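Input: a single structure, listed below in structure tokens.
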Amino acid sequence: MNYKDTLLMPKTDFEMRGNLGKREPEIQKHWESIDLYNKVLEKNKDNTPFVLHDGPPYANNNIHIGHAFQKTLKDFVLRYQTMSGRYTPYIPGWDTHGLPIENEVTKSGVDRKQLTRAEFRKICREYAIKQVEVQRAQFKRLGILGDWDNPYLTLDKSYIADQVRVFSQMVDKGIIYKGLKPIYWSPSSESAFAEAEIEYMDKQSKSIYVGFDMMGDKFPNTKLLIWTTTPWTLPANLAVSVHPNFDYVWFNNDGKNYIALKELLPKLVEKLGFSHAKVLKEFKGSTLEFMNYKHPLYDRVSPIILGEHVTAEDGTGLVHTAPGHGEDDYFVGKKYNLDLLSPVDEKGHMTEEAGPYAGMFYEKANAQIVEDLRENGHLLYDETITHSYPHDWRTKKPVIFRSTPQWFASIDMLKGDLLEAIKGVKWHTSWGEVRLTNMIKDRNDWVISRQRVWGVPIPIFYDNENNPLLDRKLIDHVASLFEVHGSDIWYEWDVEKLLPSDYEGPRDLTKELDIMDVWFDSGTSYNILKRRGLPFPADMYLEGSDQYRGWFNSSLTTAIAVDGVSPYKEIVSHGFVLDGKGRKMSKSLGNVIDPLTVMNDQGADVLRLWVASVDYEADVRISNDLMKQVSESYRKFRNTFRFMLGVLDGFNPEVNYIGWSMRGQLNRVMTDKYYVLATKVNESYAKYNFVEVTRLIIPFVVNDLSAFYLDYTKDSLYCDAEDDFERRAIQSTIYDILLGLLRLLTPIMPHTTSEAYDSLKYKEYDNIYLEKMPIGGKLKEPKLQENYDIFDELRNHVLKHLELAREAKVIGKSLDAHLDLSVDQTTYDALEYLDLLNKLDKILIVSSVHITKADQLDIKVSKADGHVCARCWNIVKEVNQNDVCVRCESVLEGLK
């Protein structure tokens, strides 16, 4: 007789195969249809707010794995805070100005030269908005909840108006000024760059040692030894710097005299082949001040000056000084009233001031200058070196120092307040505070102007003598016009139309044509919180570790300048995403992992589970092989949820629920284990330690549930009468644990937990996201757990012996086994406390157990004697005429 239909087999609509690529978008549509984001906000609206302010990604091309990694981390934080009862509005944002968009528009065939600035800007705007639409859909596909219908864009009229008002206040406080200084300049982008836009990469350069002929009688027939890796800056040389307190030597080699730093002489002797060097005199650097030398390429006399920036680490101790091409050179030159010579144009070509090198690209001039020095006898040594050199972070091409008129924000004015504000920020990692502190300490004034078109205009007027009108009232008026008409009017309207009606200042004005640094754009994004009535400062900024020099830095600067407070209360940062071998991803290496492909093939929840399984504070790795491992972990979760949902078929918690105290010992143990787990998981979430969350939950699901509790309880769940007390106690335990696990995992796998929650027949809300995060608790009965641990150790020994018996073909499956157990008094007492002495066969999934006390553990496995029950497959002493055991006979009677 077939008893299959009499068994209570699991039934659920939660499918074994996730098919997440198809199912997740359907789940997301459901979230939108019930307005889930606003529903949770409404539920928590009277509670304490938690604001994570979104750093704006750049609106260009599809999202990459770094975007997915970061946005998912933010979603973890927000979902946890939401389910903990906090009010968590989240406004996504986009950075929409800048050179990459200009380049993409130009690449598409748009001829910039045939268009007005306003026409070109309109095309850039259209492109940026399309990119926002693309990325918005991709971020939503990740399962990120937020106010996607009302994001902030740095091109929005209101955003720009608020940004200009920040600029206006900084002007009013004297923080903004225009100056001629050497700044990072990218010939490939034809624009000034801030320090945050520079990335250091290896570069091959010419390293040369040059002799400058001294003038005067004090050191006759003498060459000053200088070293440089930028020969193209020699046309701009206006001085040689020495350290006032260092010891220098005048020495002779083969009849020629030289001056160099005493400490570096041994290195120079070796490098330059000065095998007969003889020191003639020692003296302090200050001795050389105001002495003169002749330029090696031009008919020009220049002075020796003193500079504290001179070091004894490399070179010669005498520094070629070109105030137009270096920060240190600029400041030391200012002390000595040196000119600011910078004979290089915006494209990197030498100007007429460079004489014979005019028109050459600076790198070509490099080679020519070296040859000219060789020919005129001033080149003492040259070689090619590889060194770390600043590059344009967009074009990846070298940048140069070049002096041009630019707008600056004075960091010196703010530095004390910035450093003080950093102390008041909560740092998720202590090194984050150190890193930003050091960056602020070493930071020079911020060049905020860019010689581009697509960005926020710098709304400054000039009088007929080219003096800027630094008038807050004027700038605020322009801001109000931008808010209504947009910033293109700066290029479309004439000056008179841009001025206030009551303006009484000078006429015949012209407009500044430079735009603001995009870091000034994003660095004022906290204005969106004020504009939308949200708490300021934000509770958290969470971004990549590169933002210590970028967004964390620029946001702090503008907020301190205007509000006097940090825009963030806490900083959390993450590392970079590398391939499985720890290499940077690139198309050329073929190691790029596309998040869109992962989501379509494996699912957003699998990608999110990967994010939760790595230590985000450091650089992390991802590869197809690693994703397969994560998929396997996901499959275990899904199978476990499916089984638990299936065995809850027919269970109504309002009718069938058995309270904790009445459930029996092992059910209470499992519930207690879950409560302790929930406590630890909450603690980990509160510390944003997501990898610890997965490290805690996965072993519980795989070992405690799947491999033990859900395995041994199958007999009762399938074969006992539906209303059997023990069966209902097990179902009550499973119900508690399942509902708890789904809530604990919702921040990480929201699609899967939503789907599983929907499959629960009895629940309180439309979506699990409306549930509260379970808080867990301490062990209700510590002694219960202590005794369980003793049993668990015994069980592990038994499992090993069963496996050996299986390998020896004594048994096939564990139900074929009979166990003879000899245990010590402690183990026996533990089994008695757990009420397991007569239940070990069920718990160990064998057919019979004989237990005795002994001094030490002994386990014997033999084949069980008896009859196989045709319904439950246990081997029992007796079966009835229908081949079923006493228990199954009773259940079948009840079904009649």
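Glycine is no exception: its Cβ is also placed from the backbone N, Cα and C atoms.
In the three-state DSSP classification, Glu543 (L-isoleucyl-5'-AMP binding site) falls within a strand. The annotation L-isoleucyl-5'-AMP binding site is assigned in Swiss-Prot to Glu543.
Secondary structure from DSSP puts Lys587 (ATP binding site) in coil. Taken from Swiss-Prot, the feature ATP binding site covers Lys587.
Taking the Cβ of Cys869 (Zn(2+) binding site) as reference, residues of its chain lying under 8 Å away and at least six apart in sequence are, in sequence order, Ile875, Val876, Val879, Asp883, Val884, Cys885, Cys888. Classification of Cys869 (Zn(2+) binding site) by DSSP places it in coil, neither helical nor stranded. Annotation comment: Swiss-Prot describes Cys869, Cys872, Cys885, Cys888 as Zn(2+) binding site.
The motif ''HIGH' region' annotation in Swiss-Prot covers 57-67. Shown for the motif ''HIGH' region' (57-67): DSSP residue counts in helix, strand and coil, namely 3 helix, 1 strand, 7 coil.
Listed as Cβ neighbours of the motif ''KMSKS' region' (584-588) (distance under 8 Å, sequence separation of 6 or more from its ends, same chain) are residues 64-65, 576-578. Annotation comment: Swiss-Prot describes 584-588 as motif ''KMSKS' region'.
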Site of maximum Cβ density within 10 Å, from binding-site residues Cys872, Cys885: Cys885
Candidate with the highest Cβ count within 10 Å, taken from the binding-site residues Glu543, Lys587, Cys888: Cys888
Check: same-chain CB within 8 A of Zn(2+) site center, minus Cys869, Cys872, Cys885, Cys888: Cys719, Ala870, Arg871, Trp873, Asn874, Val876, Val879, Val884, Val886, Arg887, Glu889
Rounded inter-Cα distance in Å - Cys872 (Zn(2+) binding site), Glu543 (L-isoleucyl-5'-AMP binding site): 56
DSSP-derived structure type at Cys885 (Zn(2+) binding site), helix or strand or else coil: coil
